[in-house]
Amino acid sequence: MTPMRKSNPILKMINRSFIDLPAPPNLSMWWNFGSLLAACLILQIITGLLLAMHYSPDTSSAFSSIAHITRDVKYGWITRYLHANGASMLFICLFLHIGRGLYYGSYLLLETWNIGIMLLLMTMTTAFMGYVLPWGQMSFWGATVITNLLSAIPYIGTNLVQWIWGGYAIDSPTLTRFFTLHFILPFIIIALTTVHLLFLHETGSNNPCGISSDSDKIAFHPYYTTKDILGLVLLLFILATLTLLSPNLLNDPDNYIPADPLNTPPHIKPEWYFLFAYTILRSIPNKLGGVLALFLSILILAAIPMLHKSKQQSMMFRPLSQFLFWLLITILLTLTWIGSEPVVQPLTTIGQVASMMYFITILILMPLASLIENNLLKWT
């Protein structure tokens, strides 16, 4: 008799995607982050829905509604901190997922990679809007600085900013539309994630060696489901530890001060996961140039498949490329550190050098290293 998972139309889809899915036999723990991202997304939607039931998207009551959630709502404090720290965990998993894609050459699965970039942009947009909602000092000034960047667009910039604001300054209409978009975007992210998986299952997963595994596959369940559950337990342990022992470790103290348009904080900065892009923005003295560099720092990921010059897909057997990959990680960590600091010397110069090195490493050094490695292969 045919098992129900193979005959029922709905269960059949789940079976093909998560149970009988043929998978390479040598996937490492780096392949866990896709399922962890799904877990983080589900957690964010559940906690977000619970918070939305008590939140008031109006400048006069937004800050107090957050205080009300934290103090008066049953388990409101843990819901709020799970949501805030869950976003940090989501971005950690996201960056590691992208890093794995770069290291093992998964970007050569073009459709999957490009939808992944769209997911990254959408997640960053959602997170930025979520940062504005508590209506603290950093929420208000962060929103002012970031939305003002659009005024650098020639001709339509000023009108575009006023259209986003819903007036001549950030006020209740801005907060209402940000809340609406912050609520709806995660559901669009789920739809895009489904398309991401659809394209991935069309080609099959890449593997650490970067070679075809068509001749040797294993079932996804129970091997990789067990592995994913272990990753999920570790993720939940880290999230629970962070939320229960140090919930404000990754938050900004200025956001516990109600938004005041007449009082600018000494150092305006976004959440930690945007700091690398924020440093690149700050490194260029020209406003339009800074905005272009900011967008290019993310969109450069779309150019990586075109910059792949190696005869091998994975970096596993390419020491020069490995060195440049870890150099790139060091540059990104440096950019994150500089973004969290005020604009003073010598930090500004370090930020400018790191920003320049970020683009040079990806656009010039990595393709060059691949060509050198191709020539070295001829001598072996």
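The backbone N, Cα and C atoms fix where each Cβ goes, and this holds for glycine too.
As annotated by Swiss-Prot, heme b b562 binding site applies to H83, H182, with the evidence given as similarity to another entry. What Swiss-Prot lists as heme b b566 binding site is H97, H196, and the listing cites similarity to another entry. What Swiss-Prot records for H201 is ubiquinone binding site. According to Swiss-Prot, the feature transmembrane segment maps to 33-53, 77-98, 113-133, 178-198, 226-246, 288-308, 320-340, 347-367.
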**Q.** Ranked first among 113-133, 226-246, 288-308, 347-367 for CB pairs under 8 angstroms with the transmembrane segment (77-98)
**A.** 226-246
**Q.** Nearest of the binding-site residues (H83, H97, H182) to H201 (ubiquinone binding site), judged by Cα-Cα distance
**A.** H97
Q | Sparsest Cβ surroundings (other CB atoms within 10 Å) among the binding-site residues H83, H97, H182, H196, H201 | A | H201
**Q.** the transmembrane segment (347-367) touching the transmembrane segment (320-340) per 3+ Cβ pairs under 8 Å rule
**A.** yes
Q | Interface present between the transmembrane segment (113-133) and the transmembrane segment (226-246) (three or more C-beta pairs under 8 A) | A | no
Q. Would the transmembrane segment (178-198) count as touching the transmembrane segment (288-308), if touching means at least three Cβ pairs under 8 Å and pairs must be 6 or more apart in sequence?
A. no
Q. How big is the gap, in Å, between the Cα of H83 (heme b b562 binding site) and that of H97 (heme b b566 binding site), rounded to a whole number?
A. 21
Q.
Whole-number answer please: how many Å between the C-alpha atoms of H196 (heme b b566 binding site) and H182 (heme b b562 binding site)?
A. 21
(Q) Return only the integer: C-alpha distance in Å from H97 (heme b b566 binding site) to H182 (heme b b562 binding site). (A) 23
